[in-house]
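Each remark here refers to the structure printed beneath this line.
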Amino acid sequence: MCSQLWFLTDRRIREDYPQVQILRALRQRCSEQDVRFRAVLMDQIAVTIVGGHLGLQLNQKALTTFPDVVLVRVPTPSVQSDSDITVLRHLEKLGCRLVNRPQSILNCINKFWTFQELAGHGVPMPDTFSYGGHEDFSKMIDEAEPLGYPVVVKSTRGHRGKAVFLARDKHHLSDICHLIRHDVPYLFQKYVKESHGKDIRVVVVGGQVIGSMLRCSTDGRMQSNCSLGGVGVKCPLTEQGKQLAIQVSNILGMDFCGIDLLIMDDGSFVVCEANANVGFLAFDQACNLDVGGIIADYTMSLLPNRQTGKMAVLPGLSSPREKNEPDGCASAQGVAESVYTINSGSTSSESEPELGEIRDSSASTMGAPPSMLPEPGYNINNRIASELKLK
């Protein structure tokens, strides 16, 4: 019987760059490898239990067979456990292999839940406080006093650097309390001064680091997100950094994810966040990779009678220019060429038609395996100071 693969996403984000790239890559690979492919929107699905048996309806039609693998891309900050996760759990109960799994997505939709999962595993992370009630922010102003000032304040459901504040003192915290929405809790986190305005985004697929990008703020703010106007440049990662990112991915049960690492003065790292629905427009550009294609290759490897998940070779991309460059940090000129400023809400320049059944696709995707990332010894903070002038 022919294998079946679904790409499941949300109507609100279906035309964003990551979804368009993954969709094209999956369509091409499924067409070439005789795999039945279907692109599905979350609101097209109805889950059923009839006669004590689980069932599934798609566009009001009952299905008699179900996909072997489902690649999931849902807007993580707005994922609802009573709706979206219900559908994902149902698919999993039907025997579908989800990428990422429902529990893995839940581990990342709330920033404090992420730290709860990582706690007890020796993962370096900032001291963090949070609370249960929606109206308890003001109470936490005193409770979080041991964290000192300035203190980082984040919405547990924030994304893309939004709803993040650096409070100078208790009075500033009180002002923030009156300005924010209280529909979700906030967390209070110890400020990592040495990583102000910079971090490293690491993308992990199938338990392997496929690339890393240094992100830097250009306006002095604490957040370095490219969606807020920050810049990103390809950055070699030490073995310690790679192993930390892989450890976090494994603890959270992720098939693919983005891990954000804060940079300490001694060259070590502290985990800032994990992203189950990682965006990769800036990452693709800065690192000259095809993350959508890499995720598609990994997903295909999970189909029956294929590799069982672990990719033997990282299926990333590297240009001829990259292959001819020496190992180590890029020159100042190379850094300038690799830095991109990404505006919030950027999408692909080509709009994708309504998601539906697979059709022949003329879109081509690249697939040459890259060399492993170099691991030279270097001081990343000095690099930032001398080349990006941001320290």
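Cβ from N, Cα, C; glycine included.
What you see is a predicted model, and the numbers here were worked out from it, not measured in a lab.
For Glu194 (ATP binding site), the count of additional Cβ atoms within 10 Å of its Cβ stands at 14 [all protein chains shown]. The ATP binding site annotation in Swiss-Prot covers Lys154, Gln189, Lys190, Tyr191, Val192, Lys193, Glu194, Ser195, His196, Gly197, Lys198, Asp199, Arg215.
Other Cβ atoms within 10 Å of the Cβ of Asp260 (Mn(2+) 1 binding site) number 21 in total over all chains. Positions annotated as Mn(2+) 1 binding site by Swiss-Prot, on the basis of sequence analysis: Asp260, Glu273.
Under the heading Mg(2+) 1 binding site, Swiss-Prot lists Asp260, Glu273. Taking Cβ-Cβ distances under 8 Å and a sequence separation of 6 or more, the neighbours of Glu273 (Mn(2+) 1 binding site) in its chain are Lys111, Thr114, Ile259, Asp260.
Residues or ranges marked as compositional bias 'Polar residues' in Swiss-Prot: 341-350.
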Local Cβ density at Val192 (ATP binding site) - other Cβ atoms counted within 10 Å: 17
Binding-site residues listed as His196, Arg215, least Cβ neighbours within 10 Å: His196
Protein Cβ atoms within 10 Å of Lys198 (ATP binding site), excluding its own: 21
Val192 (ATP binding site) - helix vs strand vs coil (DSSP): coil
